[in-house]
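Right, one structure below, let's go through it.
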Amino acid sequence: MSNVTDGKLPDGNHLIDPNMSGDELVFFVNGIKITEKNADAEMTLLTYLRTKLGLTGTKLGCAEGGCGACTVMLSRYHPHLKRLIHYSVNACLAPLCSLHYCAVTTVEGIGSVAGKLHPVQERIAKSHGSQCGFCTPGMVMSMYALLRNNPTPCMADIEDAFQGNLCRCTGYRPILEGYKTFTKEGGCCGGMAKSNDCCMTDVNKTSGYLEDNVKGISELPAPLYNPADFQPLDPTQEIIFPAELMSLSKTQTRTQLRFRGERVVWLQPACLDDLLEMKAHYPNAKLVVGNTEVGIEMKFKNLLYPVILAPAYIPELYKIEHTDQGIVFGASCTLTMLGEELKEAVANLSPHQTGVFTAILEQLRWFAGLQIRNVAAIGGNIMTASPISDLNPVFMAAGCQLTLMSKAQQRVVIMDEKFFPSYRKTILTPEEILLSVLIPYTTKGQYFAAYKQSPRREDDISIVTSGMSVTFIEGTTVVKDLALSYGGMAATTVFAKKTASRLLGKQWGEGLLQDACSSLAEEMSLHPSAPGGMVTYRRTLTLSLFYKFYLTVQGKLASEGVSIERVRPDYASAIELYHQKMPSSVQIFQAVPEGQNQEDVVGRPMMHLSAMKQATGEAVYCDDIPLYENELYLCLITSTKAHARILSIDSSEAESMPGVVTCVFAKDIPGSNLTGPIFYDETVLAEDTVTCVGHIIGAVVADTQAHAQRASRAVRVTYEELQPVIVTIQDAITHQSFYEPVRTIQNGDVEQGFTQADHTLEGEMHIGGQEHFYLETNAIVAVPKGEDGEMELYVSTQSPSKTQCLVAKALGVPENRVVVRVKRMGGGFGGKESRSTILSTVVAVAAHKLKRPVRCMLDRDEDMLVMGGRHPFYAKYKVGFMKSSKVVALQVTYYSNAGNSMDLSLPIMERALFHMENSYRIANIWGRGYMCKTHLPSNTAFRGFGGPQGMLIAESWMTDVAMSLGLPTEQVRHLNLYRQGERTPYNQDLEHITLDRCWAECVEIAGYSARRASVDHYNRNHRWTKRGLAIVPTKFGISFTVAFLNQAGALLHIYTDGSVLLTHGGTEMGQGLHTKMVQVASRCLGIPSSKIHISETSTNTVPNTSPTAASASSDLNGAAVYNACEILLQRLEPYKTKNPKGCWEDWVTEAYFDRVSLSTSGFYKTPDIGYDFETNTGRAFNYWSYGVSCSEVEIDCLTGSHTNIHTSIVMDVGNSLNPALDVGQVEGGFIQGLGLFTLEELRYSPEGYLFTRGPGMYKIPAFGDIPTDLTVSLLRDAPNQKAIFSSKAVGEPPLFLAASVFFAIKDAISAARAESGLSGPFRLDSPATSERIRNACEDCFTKLCPPDQPGTFKPWAVVV
């Protein structure tokens, strides 16, 4: 295998002459012909589009085909299908060299703001489906590709098309709703644009979301948008496949193609004989069809394959043939082709023949995203030999036949346990290829099923997969043959052979089931340290999945009249296949007062100002800025050890590599190497010690990203490992490793409270961290200006001023020499508040050293490794309460995992303490918070800023109180709610409290009592699925808890044509802050919003700004904008008085000629703010935002999967400045919270290495995770006198409301535990993943798989 890794091109062979240049690559992009004479075999389509063609609309989100931001459409003439095909692909994986004779369509190719938007672009923008906009081009292209193939899809088609797309901002609902207007269900007529029958002219048809069945709301306002405004889809107007390409595709004979890169040669054989000849000469060459595996290996595993064979158009590899035994698929057939063919077979053949086909189709429903299925080949899936493959267990259980071929021979093998001899290995010889796969028919008396369990249902790798087949002796229930195949239970896909042989000859019944389970528990064992972890869960799944199979077969036998006991009705739901119901939603908000001027847009659902640009790919993000002529690219060098002394750094090999200009280390920093947002307790670049895996040691600067990344891997760092390595909170407690100060808030007499309480209980809980997963990773372009140490930085940051300050500190220049500009961010969520400054500083140092512009945009895996996330929390609590359930005393101790520096951990812990009682009045309370100093990358700000962690613990003990008393949780919560005028633990009186109103409305619109009765009825009648219901309040304090940050500035210029340029201190990251500020200025100045423009946020216009954080940006910046407008209006007042009939432009002109300044700055500081921890006095918050959420879920007790059935949210946002944006923030925050509490899990090794470094391993919510039925109501008639135009903050408060889903899951688990005789409080840590849910539903299966004793083994992953 030497030539797979040594990086040298094979030579001296007649197939490849080392001196021979490559062939010309011919393809089209947006209708324009591209002839590439030097196609690089390692370059992806995405890199080519962005760097060579300047088409930056297509975005890089993950580089592994997991987020869909890079989706484009490929079109080509398929010689074997004899027709044109259009399909969506991930441009980040698509090799440039695979595009010969293809037409590529990008988001820029289908419409533009200046020209005309395509209906797909227009509808996502106008339906408020684009917030930060970074995922939007990918969404647009996924939908566009679907419509090119099917102009009138159904909702199921849309959900299928979006399985490979992620969004972190919107919560998905507005995207689905906007695109529902294209569907049959949405009333789409199929493009009758030229007649009066077009559905878009009938508002009633398309206003499906204005459902009149929202309980308790008699009258709904106008919708957030009017579908009648949408232009109709006209399929006849789409881009035509280039005629020249059609002619080339049909007429030219296929010839061998050769593309040579710097390190890799790409060979495309013309026929099967060519391929076999090449494979004989290059036995270690990799075959690539979709590049969905090899692309990942070369990028992330640093593997190099010098020869790539691309059998793209070989007829034998695409052939599909029906035989007497089954269907034969050529190995290059894509998974999409496989699915289409099997669907047709299932429709046309007798059901007893299609058992395997049906099982494969069920697996394909959840196999990756559509973009991957469109290109990934069946052969590639088999040959990858992944032990967690979705399909290999099915192929094995079915006994598929594989035809293998080499130049010397052809042979047929059965796919069984011998086919995979070891991890990621098959029995093929290096010269052989997989030619085809025969998928057999099932026979009469044979029953077949396949199962997959993964953390997230959509587009996720499996935890355990299984294929199961049983054949009975004719007319009986006696087992004749049994195959049980499992993935995820060993280093290869395995058969449970012992169990299968034990069950032969037995009757299919209760006795067989018990034998099977005890045998499987013994045979399918895993070492407690097994890679992948979740050992108890995986072992339990092998039994649970077999039990599902057992019930399925029992049900089929009974339905066919075989003498066997029928499946108990209360067991039936265990075997129902999951079907996504069509989502429905309602949004309720206050209409603007009657008579409000049409030009006054405050309170109206105005579209995000950048939405159209984002939908066309024209919105410019940091990495979209055109390349400077002499620009260089930087890549970080990071530590591989969690705690070690650096003995030496050898960069000589890296510096001699192609394209490398220099390496940057601590010695190159001209100013100070100390940095940090509050305390200077960390370094820009490590000097002698590293304190986490991912600690930045230095950087490589080269001419391209690829060269910089390759060279960074060649830098050799020698370490001496140091002890202790503190990774978890428990490690920190053991070693007493804490940062100072330790904060405490106390009110009342806790000991006395416990004495007077009727009952006390104690508990503990752990809350996992969370990765920000902004779709745009951290990015920066640093441009030295050539004189006086000046530097201009284009950064994706929430803190322009802090970036300016820390860059100046590192460069050793005054802050007035550094200008930081922020146009927009592709998401922030707190992750770009303080940690982004580390990257900015490193890049600025490199640019300063070289006197050349330097760019860096982190890859997703780098960003996740280096940047930290939400603080994991652990808490211990003791609570005292009366028989009535009134809580009278609380003692709680919090521990947060701060990481290797303080960063913002202190204010985060303070906010957790400020929210330790959530929405409940407790007379005697004591809370203390410890920040754990560990060897992990520093954790940082994240939406909610410690509040959600503090409040989740509160809801945990509140649930414990209810469970211990046997009372309904909603009754206990409601009894303890704060009332008007009551005082918080930090001695601040609650004014204008709307909790009771929010609670009452939420109970009403959710139909709580009827829903509760329905859930209880369901649970009485279902054993293996249970439903749960919970209603949870939130009270979130608004202000920076550090007083000096509660200030903001604005700068307003009025130009002589009457147009207004507005700048303020806040940054735009999708939340619509710029849109709201334009609305504020529009109302203040009394001019249309179209006259006002915000270009960017920059430190040379508004200085000393606070970070865009704490949900306070609209309040602070809005008031500063208002102040600036008032000043200018005063200056214009004499001219308005003198010329009352004049217009805005007249007054501006007159003032200008009268030499009046038409420019001013505005300023605002929050009055009477500031709190003292020592004395427990002051005003910690300006006001509070309130909300209540009710959620219903259903769990599968056998697998731990859950479905979000319903959520109703009532949120007090005061008088909304923009209901569309505010509803978007509520929904987006809620879904992000849903991820935090039920799905997203960061997994670290005991040595502090992060395993979950991309969408492949780290799962944020997808389209299928949103509640099927979602109602969001913005509380009406609740003005807030403390903020601009009586509005309220909305960014962070809604996130915690997703705790209603967590506690609904806990409620469902309680119902499951009751079936096993378990009652009372139990511990459920967050997130409530499928593993935690299943393990908590204790039953006869979990008893057979007891967990190993902690401390007796080294776990694969630890809870940090």
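Here the Cβ of each residue, glycine as well, is placed from N, Cα and C on the backbone.
Annotated active site, proton acceptor per TrEMBL: Glu1292, in sequence order. For Cys62, Cys67, Cys70, Cys92, the entry in TrEMBL reads [2Fe-2S] cluster 1 binding site. According to TrEMBL, the feature Mo-molybdopterin binding site maps to Gln798, Phe829, Arg943, Ala1110. Per TrEMBL, the feature substrate binding site maps to Glu833, Arg911, Phe945, Thr1041. The domain '2Fe-2S ferredoxin-type' feature in TrEMBL is assigned to 23-110. Residues or ranges marked as domain 'FAD-binding PCMH-type' by TrEMBL: 259-444.
Known features from TrEMBL, placed on the structure.
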residue: Cys62; record: [2Fe-2S] cluster 1 binding site; Cβ contacts under 8 Å, 6 or more apart: Ala69, Cys92, Arg860, Gly1254, Pro1255
residue: Cys70; record: [2Fe-2S] cluster 1 binding site; Cβ contacts under 8 Å, 6 or more apart: Leu46, Thr58, Lys59, Leu60, Gly61, Asn90, Ala91, Cys92, Gly138
residue: Gln798; record: Mo-molybdopterin binding site; Cβ contacts under 8 Å, 6 or more apart: Met825, Gly828, Gly830, Lys832, Glu833, Ser836, Thr1067, Met1069, Pro1107, Thr1108, Ala1109
residue: Phe829; record: Mo-molybdopterin binding site; Cβ contacts under 8 Å, 6 or more apart: Arg168, His772, Tyr774, Phe942, Arg943, Met1069, Gln1232
residue: Arg911; record: substrate binding site; Cβ contacts under 8 Å, 6 or more apart: Phe945, Gly946, Gly947, Gly950, Gly1037, Thr1041
Across the domain '2Fe-2S ferredoxin-type' (23-110), the model's average pLDDT, rounded to a whole number, is 96
Residue counts for the domain '2Fe-2S ferredoxin-type' (23-110) under DSSP, helix then strand then coil, are 15 helix, 31 strand, 42 coil
For Glu1292 (active site, proton acceptor), the nonlocal same-chain Cβ neighbours (under 8 Å, six or more residues apart) come out as Arg943, Gly944, Phe945, Gly947, Phe1036, Ala1110, Ser1111, Gly1229
A correct count of other C-beta atoms within 10 Å of the C-beta of Glu833 (substrate binding site) gives 25
If you tally other C-beta atoms within 10 angstroms for each of the binding-site residues Cys67, Cys92, Ala1110, the top scorer is Cys67
Across every protein chain in view, the count of C-beta atoms other than its own within 10 A of the C-beta of Phe945 (substrate binding site) is 27
Same-chain, non-site residues whose Cβ lies within 8 A of the Glu833, Arg911, Phe945, Thr1041 Cβ center for substrate are Leu904, Pro907, Ile908, Glu910, Ala941, Gly946, Gly947, Phe1040, Ala1109, Ala1110
